[in-house]
Amino acid sequence: MPRTLDSQITMEKTPSYFVTREAPRRISSMSRDTKLIVVVRNPVTRAISDYTQTLSKKPDIPSFEALAFRNRSLGQVDTSWNAIRIGMYMLHLENWLQYFPLSQIHFVSGERLITDPAGELGRVQDFLGLKRIVTDKHFYFNKTKGFPCLKKPESSSLPRCLGKSKGRTHVQIDQEVIEQLRDFYRPYNIKFYEMVGQDFRWD
């Protein structure tokens, strides 16, 4: 990480930190004062999105149902499949809480980031001790992608929107499969809500 002055905040991001077992220990040994921001979304939707993205790169992979279940008729979910395991947020959080207090971790709702981006980023700015500079006026809704984008900064002629891999239409999954996964995730979600003191309303 680059050297940072007291008046500066240095940020770095990757989707894999939260679910990488060694990450909390390594980050803690670098700086125990690090503030952590984690974007979470409904784990069922997240798994389908994960599969959709993989399918676009590897069209020959097995069906979502085949990967998600060890035995679908018995409702046995395959937790060794990364797309499923990632959404078991409470398990990953337990690992982080061994190294960081909850007060240093802020959870952003992926759903509210789409419906109320300024509100979610307002809470992020509060968490980082920043003045609320990013507001509603900085966003517009991109109908093609189906989510908000940043209006163009003065230094650029183009608005900023997430890349081509974001906002693609998800693969259609049987409603019964979705219900089975909701049932599977429910106890993990409830425990996660209790741990963070926030109900994300994923049911």
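The backbone N, Cα and C atoms fix where each Cβ goes, glycine too.
Nobody curates TrEMBL annotations by hand; they come from automatic prediction.
TrEMBL lists 26-186 with the feature domain 'Sulfotransferase'. Within the model, the domain 'Sulfotransferase' (26-186) carries an average pLDDT of 90.
Residues annotated as 3'-phosphoadenylyl sulfate binding site in TrEMBL: ARG41, SER49, LYS166, GLY167, ARG168, THR169, HIS170. The C-beta environment of SER49 (3'-phosphoadenylyl sulfate binding site), restricted to residues of the same chain at least 6 apart in sequence and closer than 8 Å, consists of HIS170.
The disulfide bond feature in TrEMBL is assigned to CYS149-CYS161. Counting Cβ atoms from all protein chains shown, CYS161 (disulfide bond) has 16 others lying within 10 Å of its own Cβ.
Within 10 Å of the C-beta of THR169 (3'-phosphoadenylyl sulfate binding site) we count 7 further C-beta atoms, all protein chains included.
Neighbour counts of Cβ atoms within 10 Å were compared across the binding-site residues ARG41, HIS170; the minimum falls on HIS170.
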